[in-house]
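J.: The structure under discussion is supplied below as structure tokens; questions concerning it will follow.
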């Protein structure tokens, strides 16, 4: 089946990466020379890719952390270790900045506000993505009986095509002179273009949801497709109506794929800056926009590094909290 | 509705998948409290028929009554049947108790009563102490027990079992056969059991329906099927059978029929009406044949054959011979002892069997 | 026997329209004889496409992107094959953690990888930004995709085929060349194509790591802010979409045929 295995590999990799890390017990006694030789050969094959990943992922992140302890003043880069950047992010002030009724008593409130805003926007976009993709994945898993491969290709194409162009297409749709405005005007429904369509957080959320929806369908689809049809028949046989069966069997069994999908969407979107840059306008900026700005425009890479690190940590903590809550929820459901 | 009316009545059940017809007009009844088996090779339609009884599949034509009620338009979740799936279909996200109690949430009973019934079912299938185990921690035999308990706890009028023992190894399967039979006697529910294993069907069932390519060939008790198969297919499917084809030459008033073919002239009893010249086969079980050095007396059944191989199976021996006339292979079963075995490589042997051991079946 | 359209069918069609609608406006307006992406349509023209031939900076960016994408897909697949073999055929201790580590680029925001690479390249290693630094960044994000395609292909066929080859007298290398590689070939080809597409379309990391030379997406991004360049941008975007879509379909078909011929029993 087209695309199926790739998506499955992806999902399982992501799910194991983020949800469970059971300690692997390798087979065979440790001292057996044949086993040791085989392992050495295995690690030898793995080495080039692993070394490259280490040099290009682990080391740069360490460098980023290190840089976040340096300070930039004008064109001077001070390489002595200090917590100045982090202090700057949380330094209090008597003057409180208000954002949507939330007080930010900070001297430099922009990062904190943008962080909260990005999380909120990503969360809304993620929920929208899951809500929109679940029925589609369900449709593909349970309703499509013929030409399944065609449907999967149809969903896969946007998955692989330019993110930049997918985002840009919304600028054409929502723009001041865009498709909606000019279309409505041509039909004589409006006189003046609707300005509220573009350059605001809603436009960003819609665009994010659209751009990421293809990423979410495949993991959900794979987890639904894997459900043994006999389980559904058994539930019906034991007296469940279709709706009841959905909530008692289908939904819980597709939870791993759905969780993987929501993380696959939530984590990268928090740091996105292409979307805010293209359709966000001044009101739609996100934390990624600030990082990009600090690095490339304000020439304050150390502060940008600190913002990136804090962003990563917050995302990581939230994701872990979320997973813990889900596990906890399941545990509680078991006990009752 | 009287208690003697059949629990399941099928008339003219037809099932088509697209252009493929998998059931061609099934008409028969299953009696209350019976252990009834549907037996046939894979693809004969037995599982489809079971799924129609469960309401998972809908028949294309025909009527189905369960306990006198028409099942037309009644979905699986509203039927008084429960099923044990071939794969067991144990819900992987629930533990043993939750699996067994699954169907009780759809019945209006109190939590306490539900818990009591689950505990009862657990002890019925001997799973005491495993209630909190997760599905993936169970062995094949335990999963099978959970599936059984889960279906029985709902107290169905009919329990449907789809090859429930096929995934178990031989020893466990034989143990479970005995347990299943005892369980059916204990609970007194009608069991409809699908299997492709004729030995299993013979061991377990009160009655068996032999199916082939969407048709029911014969419905009878195990003994009836073995001793009086209705036709060639049933004869070949139940146990092993030697068949000699020919044409009917004589019909005696007592029901004895004589046929003549390449291997000789054979006499046997017939169930169906023949007329002279009909194509027929003479059928004889391996254990009813005796190996002799001399030809039989005139008019008795006999085939001249050569021994190809003998194998010793502990409680019996099997001999494979070929007919001198046509080279057709013949299987003979004898006792295990050495004197029962004719000398290996001996030519000119004769196989004898009495008239009442021979069956004449339509070809 | 056709199933009657129900709610889910209607939903699926609306969904596909939502998924493709905005993107398909791009080719629509690129063929429109006007300088703005607006309704009503004015008429059919190919002039936005023909004028691209004269756009030297765009051609240059295209050449750069092609070069990078070829290098990236070959290197990622080349590194991915032995690694995928090691992870699927050798029982390595800690292999799950290793897979998790290798898949990290899928869940780290690209901007973080972009700035982290930027920091180490500029401030620690003191290397000049160039197309090579872009290619390096792209290998990082392509490797997880290539690995998962290759691993699922290797998991998709029976390891006893390889054991049979060893049993018939082939050594490890001969077995790889005569059995594993031919069977894995559909996966290898689709890994090459996927690596190519991802690198060719990637923008965020390229934006941070590129020096004076542009890749095509970076060039495209720089053009997006100029309204008068819009028709040309639309034409370019449409072509990129077309090429990507064709490559995806080809990659999927190759993989599908591979699955069918390589192991009929396995999906």
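The backbone N, Cα and C atoms fix where each Cβ goes, and this holds for glycine too.
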J.: State the residue range annotated as transmembrane segment by TrEMBL; the candidates are C:48-67, C:68-87.
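T.: Result: C:68-87 is the stretch TrEMBL calls transmembrane segment.
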J.: If you check TrEMBL, which stretch out of C:131-151, C:152-172 is marked transmembrane segment?
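T.: My reading of TrEMBL: the transmembrane segment range is C:131-151.
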J.: Between the stretches C:68-87, C:99-125, C:131-151, C:188-210, C:230-251, which wins on the count of C-beta pairs under 8 angstroms to the transmembrane segment (C:7-29)?
T.: C:230-251
J.: Do any residues, 6 or more residues outside the transmembrane segment (C:99-125), come within under 8 Å Cβ-to-Cβ of it, and if so which ones?
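T.: Non-local partners: 83, 87, 133, 136-137, 140-141, 143-145, 147-148, 204-205, 207-209.
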J.: Are there residues at least 6 beyond the ends of the transmembrane segment (C:188-210) whose Cβ is under 8 Å from a Cβ of it, and what are they?
T.: 65-66, 68-70, 72-74, 76-77, 80-81, 110-111, 113-115, 117-118, 121, 129-131, 133-138, 140-142, 145-146, 149-150, 153, 181, 216-218, 221, 240, 243-244, 247-248, 250-252, 254-255, 258
J.: Against which stretches of its own chain does the transmembrane segment (C:68-87) lie, if we need a Cβ under 8 Å and a gap of at least six residues from its ends?
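T.: Cβ under 8 Å, 6 or more out: 95, 98-99, 102, 131, 134-135, 138-139, 142-143, 145-147, 150-151, 154, 176, 180, 184, 188, 191-200, 215.
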